[in-house]
Amino acid sequence: MERTFLMVKPDGVQRGLIGEVITRFERRGFKMVASRFEKLPDARVMEHYAEHVQKPFFPGLKAYITSGPCFLMVWEGKDIVKISRDMIGATNPAGAAPGTIRGDYALEIGMNVIHGSDSVETANREIAIHFKPEELVSYTRIDEQYLYE
């Protein structure tokens, strides 16, 4: 089964949206295999956003991500990377469709509630940055027989 990394960012945490995010993914049939609530250290933010460190917007992004706690999660399911990106919506909330997390809850591109891995490769890298292998829990949902052919 495919895995992805999701993170409810500080604005989503402060606005009480963790439960909403979890509910949407559970109802879709995906299962959470790891989670942690923490304020991210600078070094890990720089590792996570390594491709953006030299960009002019990075200092603001780093200040925002470290401004409060985040809720980090690893989810598992068939085609979860693509489907989760569709559920999250466009990075810029102005272009995010209604019914997506960002379309329903985000107002600014800089504070857009949630991060989700954009490819299987990125998901594997981000999961390894934030979680040790032994922190990922393997289990079978009772309804899996009704979710997958």
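A Cβ is built for glycine as well, from the same backbone N, Cα and C atoms used for every other residue.
The feature active site, pros-phosphohistidine intermediate is assigned by Swiss-Prot to His115, with sequence analysis given as support. According to Swiss-Prot, the ATP binding site annotation covers Lys9, Phe57, Arg85, Thr91, Arg102, Asn112.
According to its DSSP assignment, Asn112 (ATP binding site) is coil.
Under DSSP, Arg85 (ATP binding site) is assigned to a helix (H, G or I) in the three-state scheme. In sequence order, Phe5, Leu6, Met7, Lys9 constitute the residues six or more apart from His115 (active site, pros-phosphohistidine intermediate) in its chain with CB-CB distances below 8 Å. Summarising the environment of Asn112 (ATP binding site), the number of other Cβ atoms within 10 Å of its Cβ, over all protein chains shown, is 22.
Close to Arg85 (ATP binding site) in the fold, though at least 6 residues off in sequence, lie Gly116, Asp118, each with a CB less than 8 Å from its CB.
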